[in-house]
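Structure record follows, encoded as structure tokens.
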Amino acid sequence: MHLSHDPEPISSSVNPSLSSTKPNRPNVGLGLYLSPPAVTKRTVLWALEIGYRHFDTAQYYENESQLGEAIRESGIPREQVFLCTKILFPEGSMEGSLEKCKKSLKDMGVDYVDLFLIHSPTSGPNGRRELWEALCRLKEEGGARQIGVSNYGVKHIEEIKTFSNVMPAVNQVEIHPWCQQRPIIEHCKANHITIQAYSPLVRNTKADHPVLRQIAETLGTSTTKVLLQWSLNQGYLPLPKSDDLGRLKENFDVRGFVLCAGDMKRLNDLDEGMEGAVVPQYTEAP
Ligand SMILES: NC(=O)c1ccc[n+]([C@@H]2O[C@H](COP(=O)([O-])OP(=O)(O)OC[C@H]3O[C@@H](n4cnc5c(N)ncnc54)[C@H](OP(=O)(O)O)[C@@H]3O)[C@@H](O)[C@H]2O)c1
């Protein structure tokens, strides 16, 4: 699966195609959670100008239509942009959930999205199955190139195997040095599931952490860039969010320095497991 900025075809392979080690092609996508609808269009237009081609929204974020509007206004061909959205709650029937997914396409004004995710595993076994079957149907009908999940724990991924022969292409989970989700990552790797890393900047709550600061200062870069390069080096696709022009630019370009093995180890050693998460975690949701 190819999830970079480049308008290359999506392949069926997963991790080998992550081009995070290519210095000119950082796989940084733009997150749009808490991007107020009134500013989302401007933010996305700035981001497209900077070079972002991967956008992460959700029905829950209420800014899908502004994202679609910005892409049309930019004049950049649809196929050069990677669009991901998510559905949170089931509607009570596969057909109802499918219709709800199609509403996202209508709101964005697109024929397909590149990736459609189940936002969370919190709707119970029946709800999760209904949502997955709706996404499978959407994919069959051409409304989604790839489908996946978010916030799924090992047991939720295993559950899919009991009723479907389609596996998620992606699991989007919170990942940064303080919350590394190691059991889930190992399980996703074993099942060829690509990891998108949300809240990769820890919502800027760790900018003063002594280890992070010291690494950034030694390398003459920012703490934000260190966090994003850490994520890329692990093979993840980080999705930093910003509505600020300067920060959008800063987050997109993470070149110009290299985190050595020692720096990576110091960052890896910061893991606090679920205690380090900034978003409530549902990986054990029943
Ligand atoms: N699937 C899920 O359940 C889920 C959950 C959470 C997030 N996500 C996705 O992941 C994306 C990112 O996660 P997130 O929004 O939680 O957190 P984040 O990207 O770690 O942090 C965003 C915060 O950091 C600030 N910021 C951005 N760049 C900065 C910089 N260079 N220096 C200092 N501060 C900076 C932003 O403010 P400004 O906007 O003012 O720059 C914003 O307050 C979301 O937008 C969403 O797309 C998914």
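Note that Cβ sites are derived from N, Cα and C of the backbone, with glycine treated the same way.
TrEMBL lists 1-23 with the feature region 'Disordered'.
Residues or ranges marked as compositional bias 'Low complexity' in TrEMBL: 11-20.
The average pLDDT the prediction assigns to the domain 'NADP-dependent oxidoreductase' (40-271) is 97. According to TrEMBL, the feature domain 'NADP-dependent oxidoreductase' maps to 40-271.
Look at TrEMBL and you will find Lys86 tagged as site 'Lowers pKa of active site Tyr'. Within 10 Å of the C-beta of Lys86 (site 'Lowers pKa of active site Tyr') there are 26 other C-beta atoms, taking all protein chains into account. In the three-state DSSP scheme, Lys86 (site 'Lowers pKa of active site Tyr') falls into the strand class.
Per TrEMBL, the feature substrate binding site maps to His119. Under DSSP, His119 (substrate binding site) is assigned to coil, being neither helix nor strand in the three-state scheme.
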